[in-house]
Amino acid sequence: MIPEAIDRTPRPAKAGIGDVNAIAAVGFDMLQALIDAVPARVVFIDNEHRYRYVNRLFLDFLGLPESEVLGRTPGEVLGEEISAGYHDLLPRIHAGETFRWTGWADYHRFGKRYVEETVLRYAPAGEVLGIISIGLDLTELRQREQELAASAKAQAESSRFHAAVVATAIDCIIVVDDKGDIIEFNPAAEQTFGFKRAEVLGLAVADVIIPPELRGQHVRGMADHALGGGGKLMGRRVEQVGLKADGTRFPVELALSEVNIDGRRLYTAHIRDLTAARQAQTEIERQRDTLYQKEKLAALGSMLSGVAHELNNPLSIVVGQSMMLREQLEAEAAPASSSLRERGMKISQAAERCSRIVKSFLAMARQRKAEPRAVTVETLVQDVLSLLAYGLRSSGIQVSTDIPADLPPIWVDGDQIHQILVNLVINAQQAMDMVPSSARRIFISACKTGANRMELSVQDGGPGVAADIRTRIFDPFFTTKPQEVGTGIGLAVSRGLAESNGGTLDLAEQEAGHGARFVLSLPTGEKIAAKKEFSAETEQASSRRRPLALVVEDESELAELLAELLSCLNVDAVTAEGGEQARTMVTQSVQPFDMVLCDMRMPGGDGPTFYAWLQKDYPHIAERVAFVTGDTLGPSAVHFLQNCGRPLLEKPFTLPDLQALVAQLLDMKSA
């Protein structure tokens, strides 16, 4: 209520609309009702700093009845700290200044509020009777403003964040509207598809990145989705074909999603270029296939290990006995024995060829380096054709060659390259079994392709190699021949031998129906490694007695052959059937052994065990041990031979091989 001290005499209003007299006529109750209806807190404080009038909104703010407010000071009602904030302003207000301020006010127990307050004096007749305070509580409005500002800021930050994500995304992000027009095209999309963002915005996505043959499907899919069909690609990850600016097609992975913004339907496509992934997958499959082939070759090597051990012993006997027979016939020099000498020579040559073939297989299986030497290409080709002459003639095959006479020698292991050419010619022969006799031709040519390279090619007149198997013909055990004709290891072995000689073996491109042409590229060279020959006469001159050798071999025929061959080299030899018997002979021998030739695998005590015993009890003899074996593929044998460091003579061997080994052992003895 308005206190009685206030002069109620009506006066004209200095500002505003209406007549004060009219208000007075109605009564002060109506005036109080009007002030109570004002959405602001209105109070009148007299000169004694006591509340004389407060409106209903102020009382509601305090939560107090009028009786507990009127007549009390602001310090008593609101707190002295709040009241003290007005003390410095009162003189200026009484002087006629009006103060307005907006901000947060802490009313302590009444809470913190955001207000807009106006404070002015009340002096109706020039006499100051007090002050009037009108406070508009804007807290809820301010909070809404802050919430809106925070929301706008968050939205702006979110927009910037999403823009940054889109701009820096590794994958392509393309956004289209419900008509299929592009409205976003991020940098990754620019780089992948080759278009600039500015030149594709507003264009139909189907005309930009979708191949022509797929555009109709895209348009139908969008139309179906617009009608509520759901879309077959929506929410799924699928592989599609993309189209670059230069017309290149490439594989992509597509994830399509729909988003509604302010009632606007948009579609976001996340696209990933699968080109690198496909290439990586192809490489992985190639490496997996290579590993698979290596595993098959390893299995082949394991099989060869057993076969070689069983084959090399009798083959060594054939080689050795044929050499002994030939030397005996040459010593007789009888006319009747000339044909026998020729037969013996053929047996010896064939046996040595078998020996070299087995060694070639073993070298390929254990990935050991070849033993290169200078080889004449013309001689090599003629040897191959001589070996296969009968089979080629009986098959009605005409063979022609083009080998220039001025070609330099190739620097390779001649026996291994011989094996490759034999395999290629036999393959060519078998490939022409079903072609007319007039087309059965094999053409072998050679040419120099660089400073240190030469190419040998073998071409046939057969049907050629089908395109779908060209990449597989060098795989181990892959063959197009009947089961009884081919094993599928010939080309794999040949390529392995070529690579071990620093060369390559490839299938050249040929038109369909024009036969197959294999190209063998090999290094050339002039250097010939010098070999130290053992001279029996030199050894005799340097020693007063013949050297004594101990041959430890469980195959009695092979042991006897070794002893005979050693005798030809002026070396005496005694034999033992195994490691146990050899230990006894070493212990009981009066004359010390100058060398020991020992097999690896024997039932009566194996070679490694015997060698370990020598190292412990007879180390001077252990330094003269050489191993003679046909098993150099088994893991245990490989490990032992690498660690012991002793010389090795592989079965089957020739007299020159044995001669070189004896020279090496005698050199060790004299060193």
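Even glycines carry a Cβ here, placed using N, Cα and C.
Annotated features, as they stand in TrEMBL:
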DOMAIN    27-97  domain 'PAS'
DOMAIN    158-213  domain 'PAS'
DOMAIN    306-526  domain 'Histidine kinase'
DOMAIN    548-666  domain 'Response regulatory'
MOD_RES   Asp599  4-aspartylphosphate
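For Asp599 (4-aspartylphosphate), the same-chain residues 6+ apart in sequence whose C-beta sits under 8 angstroms from its C-beta are Val552, Glu553, Asp554, Glu555, Gly607, Phe627, Val628, Thr629. Predicted-model confidence for the domain 'PAS' (27-97) is 87, expressed as mean pLDDT. For the domain 'PAS' (27-97), residue counts in helix, strand and coil come to 37 helix, 10 strand, 24 coil, using DSSP. For the domain 'PAS' (158-213), the number of residues in each DSSP class (helix H, G, I; strand E, B; coil) is 29 helix, 12 strand, 15 coil.
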